[in-house]
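Quick one: this structure, given as structure tokens, is what I'll be asking you about.
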Amino acid sequence: MGQIVTLIQSIPEVLQEVFNVALIIVSVLCIVKGFVNLMRCGLFQLVTFLILSGRSCDSMMIDRRHNLTHVEFNLTRMFDNLPQSCSKNNTHHYYKGPSNTTWGIELTLTNTSIANETSGNFSNIGSLGYGNISNCDRTREAGHTLKWLLNELHFNVLHVTRHIGARCKTVEGAGVLIQYNLTVGDRGGEVGRHLIASLAQIIGDPKIAWVGKCFNNCSGDTCRLTNCEGGTHYNFLIIQNTTWENHCTYTPMATIRMALQRTAYSSVSRKLLGFFTWDLSDSSGQHVPGGYCLEQWAIIWAGIKCFDNTVMAKCNKDHNEEFCDTMRLFDFNQNAIKTLQLNVENSLNLFKKTINGLISDSLVIRNSLKQLAKIPYCNYTKFWYINDTITGRHSLPQCWLVHNGSYLNETHFKNDWLWESQNLYNEMLMKEYEERQGKTPLALTDICFWSLVFYTITVFLHIVGIPTHRHIIGDGCPKPHRITRNSLCSCGYYKYQRNLTNG
């Protein structure tokens, strides 16, 4: 009886402890749920956005382990022994000489002629030894690169040999002063328009105004250009020497397009040069095997950017990528040009002979045409790729396209980087599967698989419970036996078929 009384007296204390435990559980649940609601309400996201607003992001997270990042190349240091070019506006384009020269060339579209028909200082290029444009170079510092640039512009880019509207100054010390009359030619200056169209294909956007879409309004032998769209039709193209400092941002792409221009008009098939000679450079510049690293001068931001052998293997397998072309140019610059820095003529000749085997001319010309057609194109400067933050693996970098003078936003090619992220996952899973297959014996894997299949089948059969004989109510279950055609036990225990309820 005393125990019962003691138990009843302890009930309030037990209830008090239960209430305390319940309060603790409720408090923990409220705190956890409160933090969850606080994280989902967007307050922390707003504070993070306000802190990071106005700052540039080098990468964008795609999921918990993949991010979208990029690398930007400094092409001006890649080919410092070649002419670099840039466009200041729709009427002025500049070429500057290599790093060891001081000359520059200015290409200007204008409607004002600087050549006086009665002046004796100007001569027709067609009368200068079959149109030898090198006779127009009177800069006195000469140089093989300048003569090559003038000849390439005149013969291979402009596709004119004895253009009747081309004149230049031939006075000693007069510098370079060449004028092309774009209005001379049949049917309203078609020669001039072809000349400008070819030059615009090399220079690219914003040179769409150089082409000038106009209609011929011909009456008899007189033709006038009317309804010009997309730009003004200029009358003269003037090439003259100038200084090149601080005009605009220079790039060698126009020179590369110029070197490929002859190939674009040729029907001779060619084959890209084969494999890379990549090696990995450490922080001290020593070469170690295992991949390829871009040196600090080759990229815009400070530091060393490395790509593993998987990316380089993709370039060896597929040549139809702008990034692979750029890597070939870097490799060419490091392994060939560095031995010819003192001989500009030899290095230039080597570049002309090997450029067609280094990069895909179809990609370069295709991007040039996209540039003229106002379609997003590749300028071979900025490339995006997917980076795995855990393993450090990269996808094959893709060109970050340019439109209207600026790079596209990430959302404009979202499908592309999502697809690359998925492909990177697939490659990682495939590699893990191959490694696992290499470490595990194939016979053991087969035994494990078929044993699992056997176990699954037996579980299914056990659940079904296939009947083997009838049970007659009131009698014991017979031993295992066969069943006759009358569904009776073959053991003879049941001799007559009874009309009873069967179980």
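Heads up, the Cβ atoms here are built off N, Cα and C, so glycines get one too.
The structure displayed is predicted, hence computed values, not measured ones.
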Looking at the disulfide bonds in Swiss-Prot, identify which of Cys378, Cys448 pairs up with Cys399.
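Cross-referencing Swiss-Prot, the cysteine bonded to Cys399 turns out to be Cys378.
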Which residue does Swiss-Prot record as N-linked glycosylation site, given the choices Asn89, Asn116?
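My reading of Swiss-Prot gives Asn89.
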Going by Swiss-Prot, which one of Cys248, Cys293, Cys306, Cys315 is joined to Cys86 by a disulfide bond?
Cys248
From the glycosylation sites Asn89, Asn111, Asn241, Asn387, pick the residue whose C-alpha lies nearest to the C-alpha of Asn409 (N-linked glycosylation site).
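The answer is Asn387.
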Radius 10 Å, atoms counted are CB only; among the glycosylation sites Asn387, Asn404, which position scores highest?
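The residue with the most neighbouring Cβ atoms within 10 Å is Asn387.
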Can you see whether DSSP assigns Cys86 (disulfide bond) to helix, strand or coil?
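It is in a strand.
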Run through the Cβ atoms and count how many others sit within 10 Å of the one on Asn409 (N-linked glycosylation site).
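The answer is 9 other Cβ atoms.
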Of all the disulfide-bonded residues given, Cys324, Cys378, Cys399, which has the fewest Cβ neighbours within 10 Å once its own Cβ is left out?
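Counting other Cβ atoms within 10 Å of each of the disulfide-bonded residues Cys324, Cys378, Cys399, the minimum falls on Cys399.
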Just counting, how many other CB atoms are there within 10 A of the CB of Asn379 (N-linked glycosylation site)?
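I count 19 other Cβ atoms within 10 Å of it.
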Counting other CB atoms within 10 A of each CB, which of the glycosylation sites Asn89, Asn181, Asn241 comes out lowest?
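Ranked by other Cβ atoms within 10 Å, the glycosylation sites Asn89, Asn181, Asn241 bottom out at Asn89.
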